[in-house]
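Peer 1: Take a look at this one; I'll ask things after.
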DNA sequence: GTTACTGCAAATAGTTTGCACCTAG
DNA sequence: CTAGGTGCAAACTATTTGCAGTAAC
C-alpha cells in the first residue's frame, strides 16, 4: 500500500497509460475496478506471484469493494492487453504477475518448498528463433519453467512427501 | 487397438517392466486397471496428448470397465513413476502423454488452431545446467512451451477471436 | 439515456474424497 | 484372510455465467 519506490510508480504509470490506450481503442469503459486490480498487481514485490482468490481477499481487506467476478474479468482483460502475465505452474492454480515490472524472466519452481525463483537466460531467444523458423510459426510468447531440488541444506518447508520416483 | 508397430510394442513392454518394478518396490498391487491405462496412453500416436475425460470415455468404449476415479488414480501413479508426462498448457486442462515413447521434446501451441506440435532443441539442456549452477538447484525437469501464430495461410480452425493485443 | 460493467449467487467443469465392496498377494 | 484398490456418487475448488442493478460516456 505504501511500498511505492519511485521506479515502481513510474512503471505503474506506464502501465496505466497503456491500459488507457487499450480501453480507448477497444471502446471499453475506464472503471475504477480495472485500475485497482492493475495497481494491486503492480504493487507485488519481485518474485511474488498471486492467484485470483488471494488478490480478491487482499483487495477486500483494503479500502476496495470489488467482487470475485470482477477480479476475474479485470485480470483477464489485463492479460489480453499484455500488462499482466498468467502462469500455469504444475499442480498450482493460475498465478499472475505484472508484465512491465522487470525484464523478461523465466521461473524455477522448487520441488521441495514449492517456492518460485526467477531467472534470466537470453539464449532461450535463440531457440525460439531457430524453432520458429524450422516449423513455420511466428512465436509470440513462451513459457519456460524448471523444476528442481534446491541444494539448500534444510529447506524449511518440505511440503512434498519424501516418496521420490527413482 | 490394433495400431501396434513393433517399435511401440517394444517400448510398451519396457514401460510395463518399469511399472512392475515400481509397484514391487512400493508394495503396490498389480491391478489390471493400472496396466490398461498405461497401455492406452502408450497407444497414442505421436503428437497426440490426451486429457483424463477423453481417456476415460475412450476406455469405456472399448472392452474395459474402469471408473473415472481409477483413471485419475492410475494416471497419477504413472506420472509419479515417470512413465507418463503431465502438461498444463495455457487455458487447457491437464494433458498427458507417454514418457518413454520418443526422445525428450518440447511443445509449440498454435495461437490460432490450438494444435500442438513437438520439437526438439538440445540447447535447452545447456540453459538448465547454467541456471541450475547459478541458483543452486538440481534441476530435474523442465517445461518449455512456445505459443505462436502459424504461418500457414488459412489455418482451418480459428477458434480464437480476432482481438489481438496490439 | 444507453449500454457496458459490476456484484451476487447459481451453474459448470475438473478433480478429489468417502465409503462399501472386491481382489491381489 | 486382509490391506490396498476400485466404482460410484457426493463433495470440493476454481472459474464462468445469468441477471438485475449501477455507472461510464
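Using N, Cα and C of the backbone, Cβ positions are placed for all residues, glycine too.
Nobody curates TrEMBL annotations by hand; they come from automatic prediction.
For B:104, B:106, B:125, B:142, the entry in TrEMBL reads Fe cation binding site. Marked as Zn(2+) binding site by TrEMBL: B:110, B:113, B:150, B:155.
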Peer 1: Please list, in sequence order, the residues in the chain of residue B:150 (Zn(2+) binding site) that are at least six apart in sequence and whose C-beta is under 8 Å away from its C-beta.
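Peer 2: When sequence neighbours closer than 6 are ignored, residue B:150 (Zn(2+) binding site) has B:110, B:112, B:113, B:115 within Cβ distance under 8 Å.
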Peer 1: Under a three-state reading of DSSP, tell me whether residue B:110 (Zn(2+) binding site) is helix, strand or coil.
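Peer 2: In the DSSP reduction, residue B:110 (Zn(2+) binding site) maps to strand.
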Peer 1: Give me the long-range Cβ neighbours of residue B:125 (Fe cation binding site): same chain, 6+ apart, Cβ under 8 Å, in sequence order.
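Peer 2: Counting only residues 6 or more apart in sequence, residue B:125 (Fe cation binding site) has no Cβ neighbour under 8 Å.
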Peer 1: Using other CB atoms within 10 angstroms as the count, which residue among the binding-site residues B:104, B:142 scores least?
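Peer 2: Among the binding-site residues B:104, B:142, the sparsest Cβ neighbourhood within 10 Å belongs to B:104.
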Peer 1: Can you list which of the binding-site residues B:104, B:113, B:125 come closer than 8 Å to chain A, going by CB to CB distance?
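Peer 2: Filtering B:104, B:113, B:125 for a Cβ under 8 Å from chain A leaves none.
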Peer 1: With Cβ-Cβ distance below 8 Å and at least 6 positions apart along the chain, what are the contacts of residue B:106 (Fe cation binding site)? List them in sequence order.
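Peer 2: Listed in sequence order: B:118, B:119, B:120, B:121, B:124, B:143, B:144, B:145, B:146.
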Peer 1: Least buried of the binding-site residues B:110, B:113, going by other Cβ atoms within 10 Å?
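Peer 2: With the binding-site residues B:110, B:113, fewest surrounding Cβ atoms within 10 Å: B:113.
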Peer 1: Under a three-state reduction of DSSP output, how is residue B:104 (Fe cation binding site) classified: helix, strand, or coil?
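Peer 2: DSSP call for residue B:104 (Fe cation binding site): coil, neither helix nor strand.
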Peer 1: With the Fe cation site defined by B:104, B:106, B:125, B:142, which remaining residues of that chain have Cβ atoms positioned within 8 Å of the Cβ centroid?
Peer 2: B:105, B:124, B:128, B:144
Peer 1: Where does residue B:142 (Fe cation binding site) sit by DSSP, helix, strand or coil?
Peer 2: strand
